[in-house]
Amino acid sequence: MAIERTLSIIKPDAVAKNVIGKIVSRFEAAGLKIVAAKLVHLSRNEAEQFYSVHKERPFFKDLVDFMISGPVFVQVLEGENAIAKNRDLMGATDPKKAAPGTIRADFADSIDANAVHGSDAPETAANEVAFFFAGLNVYAR
């Protein structure tokens, strides 16, 4: 089993519902450690850069508008198979299809306002962590 790092974003809808702590406690209960974290309000430019992979997709503008609608809680999670573990905890992108007990089933309202983002592969995790955190701002625990 490999120790990995992955990026997790608690999106504006979940921040507004004041469930940051409830979501973070699920990561910790699953054995993931938070090795970096911050609350930020993304600018349009930052959101467009972060989601540039979706630039040509029809939902891009709505995604960016949503991600700048309020603060987000950005964190780096570390642990064995952190990427897959985080994705399992999040549940399906559409909360209506998410398994009961997953973060999205419990806290998300729609496929757009779906509470959390998580890296989908080691390469994207490395890029996403670097986007938000310089190396000196991530701490082994």
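Cβ atoms here come from the backbone N, Cα and C positions, even for glycine.
If you check Swiss-Prot, you get these features:
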| type | residues | note |
| --- | --- | --- |
| BINDING | Lys11, Phe59, Arg87, Thr93, Arg104, Asn114 | ATP binding site |
| ACT_SITE | His117 | active site, pros-phosphohistidine intermediate |
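Swiss-Prot feature annotations superimposed on the structure.
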{"residue": "Lys11", "record": "ATP binding site", "Cβ contacts under 8 Å, 6 or more apart": "Phe66, Met67, Val72, Ala113, Asn114, Ala115, Val116, His117"}
{"residue": "Phe59", "record": "ATP binding site", "Cβ contacts under 8 Å, 6 or more apart": "Asp112"}
{"residue": "Arg87", "record": "ATP binding site", "Cβ contacts under 8 Å, 6 or more apart": "Gly118, Asp120"}
{"residue": "Thr93", "record": "ATP binding site", "Cβ contacts under 8 Å, 6 or more apart": "Arg104, Ile111, Asn114"}
* If H, G and I count as helix, E and B as strand, and all else as coil, what does DSSP give for Arg104 (ATP binding site)? -> helix
* Just how spread out is the ATP site if you go by the largest Cα to Cα distance in Å among Lys11, Phe59, Arg87, Thr93, Arg104, Asn114? -> 21
* **Cβ packing number for His117 (active site, pros-phosphohistidine intermediate), 10 Å threshold** => 20
* Protein Cβ atoms within 10 Å of Asn114 (ATP binding site), excluding its own -> 23
